[in-house]
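Structure, as structure tokens:
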Amino acid sequence: MDGGSILETIGTEIIGVMSPVSICMFLVVLIVYSLSSTSSSDQQVLRTAANLVYLESPTDTTSTKLEGALLNALVFVLLITLVTFLLVILYYYRFTNFLKYYIRFSAFFVLGSMGGSICLSLIQHFNIPIDSFTFVLLLFNFTIVGVISVFSQGVPILLNQMYMVALGIIVAAWFTKLPEWTTWVVLVALALYDLAAVLAPGGPLKILVELASSRDEELPALVYEARPNVSSRSGNRGPNLGLLLAGFSDGDSIELGVMSSGENVVRNGRENEEIGGVRGGEFEGETSPLISDGHVVNQEIRESSNESNGSRVMERERELEEEEERGRGIKLGLGDFVFYSVLVGRAAMYDLMTVYACYLAIISGLGCTLILLAVCRHALPALPISIALGVIFYFLTRLLMEPFVVGTATNLLMF
């Protein structure tokens, strides 16, 4: 299949991925804008896995902040690498149920604890009248429905997608509380890690994807499905090629369709061979007393029939491949939602001009990644291009574009 037809088949999937990413970033920007005024006065340094070594202080020098941010990023990436390899070991030895329960508990903790904290901050900021019992009841129902929607079968796809976006918003809003220097260095380090983990021969994410593909199983991971198949929500699901990366995944409906069609092709080929053999035998039995070279004619007929059968099989396989391309959907890891939104949320702490620039850069990088995904036909990391463009556009806008625009606007040279 040529590149043009491939790009046409994933046009709707590109929109299906960019829309939730845009919604996630937009809501994170709103949360940051709403809580930045209250948190700026009495902001406490948040101790997380991303700043275990160094706690940034406004009085520190630039070199101290840079060194501390590099140490924090190094430790954070090492922790992620160790956890991912532990995930590989557990998945290799088929501790799938343990991984599923762990991820369910993680989703419950994110929705209940971290989401509840953000909701409390918003309630206090906007002075929303609500009593404690009602808040706890609503939060408990929100959390339970979220866990069920993300992991259970038979749940509407839209509800599943909404809660996946909600998980990304909550985690991203918490990561925006990191200090500025640590945030930027961690984002760059994670983009480099994602590139190595997915494409390197011994990368942990690459190993996970290969294991899942070889076993025809789904990785126990939080992955947003742009266009999931109906059967993938009702039973066993095909291999999942998205764990903090963008990748194609075949649903069971497509796999079963290919298998049944392939059986029909084999069956039709055998019937054609049997028909050709019978006809050849009849022709040989009738003409052998009359034509001494009848076996040569029969051999030519068999060769022509085999060539026609082979061309039919190849044509049918080509049609099946095109149907499979149309049935594939794009999956994006939840980590991509989180760190895209963290970048835009950090830009929102400065001004809206940098928010616009970073948003356009991230969406452009995601579009380039999806185009490469359509051409390369294997799982690719979704962070490197978007994070690189986002960081570059942030500093270009903050250091060059904003002084120029503000200067020309104040001197009435540009409105």
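The chain as shown is numbered from 1 upward.
From the backbone N, Cα and C atoms, a Cβ is placed for every residue, glycine too.
TrEMBL annotations:
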TRANSMEM  12-35  transmembrane segment
TRANSMEM  69-93  transmembrane segment
TRANSMEM  105-126  transmembrane segment
TRANSMEM  132-151  transmembrane segment
TRANSMEM  158-175  transmembrane segment
TRANSMEM  181-200  transmembrane segment
REGION    301-321  region 'Disordered'
TRANSMEM  354-375  transmembrane segment
TRANSMEM  382-401  transmembrane segment
Using a Cβ cut-off under 8 Å, which residues of the same chain at least 6 positions beyond either end of the transmembrane segment (132-151) come close to it?
100, 103-104, 107-108, 111-112, 115-116, 119-120, 123, 159-160, 162-164, 166-167, 222
By a Cβ-Cβ criterion of under 8 Å, what residues six or more beyond either terminus of the transmembrane segment (69-93) are in contact with it?
49-54, 56, 99, 179, 181-182, 184-186, 188-190, 193, 197, 204-205, 207-208, 211-212, 219-220
Same-chain residue ranges lying at least 6 outside the transmembrane segment (105-126) that approach it to Cβ under 8 Å:
31, 34-35, 38, 135, 139-140, 142-143, 146-147, 150-151, 163, 166-167, 170-171, 173-174, 222
